[in-house]
Amino acid sequence: MAMATRGFVFYLLSGFSVAITLSVLFLNSNVGSHSNERIFLSSSNSVTEKVWPKLEFSWRIVLATVIGFLGSACGTVGGVGGGGIFVPMLTLIVGFDTKSAAAISKCMIMGASASSVWYNLRVPHPTKDVPILDYDLALLFQPMLLLGITVGVALSVVFPYWLITVLIIILFLGTSSRSFFKGIQMWKEETDLNQELAKQNETLVNSHGELLIDAEYEPLVPREDKSDLEILRFNLSWKNILLLIAVWASFLLIQIVKNDVAPCGIWYWALFFSQFPIALGVFGYEAVKLYTEHKKRTQYICGASIEWTPMHIAFCAFCGILGGTVGGLLGSGGGFILGPLLLEIGVIPQVASATATFVMMFSSSLSVVEFYLLKRFPIPYALYLMAVSVLAGFWGQYFIRKLVAILKRASLIVFLLSGVIFASALTMGVVGIEKSITMIQNHEFMGFLGFCSSQ
């Protein structure tokens, strides 16, 4: 049974990845053959073409709906969003230009994340009498993730396309393989634990199971059953949520004002660097809190013993900025770094998925509001695909968590995370390599661009 389930998950993820890649290869030569609405916007330096296909029933919209639903369902369960799948899908299958595809991708990530957060708020913690969302980790990573996104967006106009492609392939394959091996390790541990429990249950050496506690899935102490409303209220920490919203609103206000000032002017740089004290202030507050508590006693978060030393805290800051930078470069939510990182530091998969999705909801919604004000995406298409992602996020969480509870295998979440990252590496890698080859054949400039001249 265990081998069959693991084989099913492996072939499902492999098939999903290969199907997306074949779609990319097949449709890349045919994109643009359907009706598009082309809008030309003049700027002081160049003319940018927006390609917005009409929202009408066709095999393209059906295929995009299927891929969007599966990508959102698997991405939110894994806590990675799925932006690496959505952007190639929107450009090569639907026919959007790259910038519009990145904007709609953010809408899909926001919709899937919001519905997943709503589902998770109504779910109790699997092992402890604490909220399913780890607000300490959210406050630690969210400001650095938002800061990294602004840096990534700035670097995206400077870095050559081939370099971004190389970085994507290396980073995604590294995190995907690391998560996959982490999942295999968890699978073996769960198999040993389930076999031991089965043997002890067969011999009836225990008294109704009081001494046979599965630390991964069963509560350590007896808990009273709570209603859905009680669980929802328990999982909501309004003080921390309001602080996260304040950070989100501060970054949003800065971005809105910065878009209306001249690039590379005094006010531009003043607004750009004003984001650093906001992010570092909130991060420093949470870091000092965790470090102080660690000095007083061994700090346990989400069932994992974490040593909050200065080195570990600095590492978390670096990973938060790195995840945001990758998100800014790709148009994703930064979960490709945050999800594997939470697993790496010892957070159990259920809580890692819920917390990463919660943080992504803030980062993606920040971009959606900004893109809306800049009129970067067509409203009908965004609403349709966001509705698909909302349904996918909710039902993906429902199905996978039921499967985890039945099979007692939280490693399924880790395998989904690894599969989505691997699929993103394939799609983004294929698209990036093909575009780079085309640029070489056309003798286009492939070096670093000037920051100010590219704005």
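Note: Cβ is positioned from N, Cα and C throughout, glycine not excepted.
It should be emphasised that the depicted structure is a prediction, and the values quoted were computed from it without experimental measurement.
Per TrEMBL, these features apply:
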type	residues	note
TRANSMEM	7-27	transmembrane segment
TRANSMEM	61-94	transmembrane segment
TRANSMEM	101-121	transmembrane segment
TRANSMEM	141-174	transmembrane segment
TRANSMEM	236-254	transmembrane segment
TRANSMEM	266-288	transmembrane segment
TRANSMEM	309-331	transmembrane segment
TRANSMEM	351-374	transmembrane segment
TRANSMEM	381-400	transmembrane segment
TRANSMEM	412-433	transmembrane segment
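Between the transmembrane segment (61-94) and the transmembrane segment (266-288) there are fewer than 3 Cβ pairs closer than 8 Å, counting only pairs 6 or more residues apart in sequence, which means the two stretches are not in contact. With Cβ pairs under 8 Å as the measure, the transmembrane segment (412-433) is packed most heavily against 141-174, out of 141-174, 266-288, 309-331, 351-374. Sequence-distant contacts of the transmembrane segment (141-174) (same chain, at least 6 residues past either end, Cβ-Cβ under 8 Å): 84, 244, 247-248, 251, 255, 272, 275-276, 278-283, 316-317, 319-330, 334, 336-338, 359, 362-363, 366-367, 421-422, 424-425, 428-429, 432-433, 435-436, 439, 446-451, 454-455.
Sequence-remote contacts of a segment are chain residues at least 6 beyond its ends whose Cβ falls under 8 Å from one of its Cβ atoms, and for the transmembrane segment (236-254) they are 121, 131, 133, 135, 138-139, 142-143, 146, 150, 271, 274-275, 278-279, 282, 362, 365-366, 369-370. Against the transmembrane segment (351-374), the recorded stretches 101-121, 266-288, 309-331, 381-400 differ in Cβ pairs under 8 Å, and the greatest number is found for 101-121.
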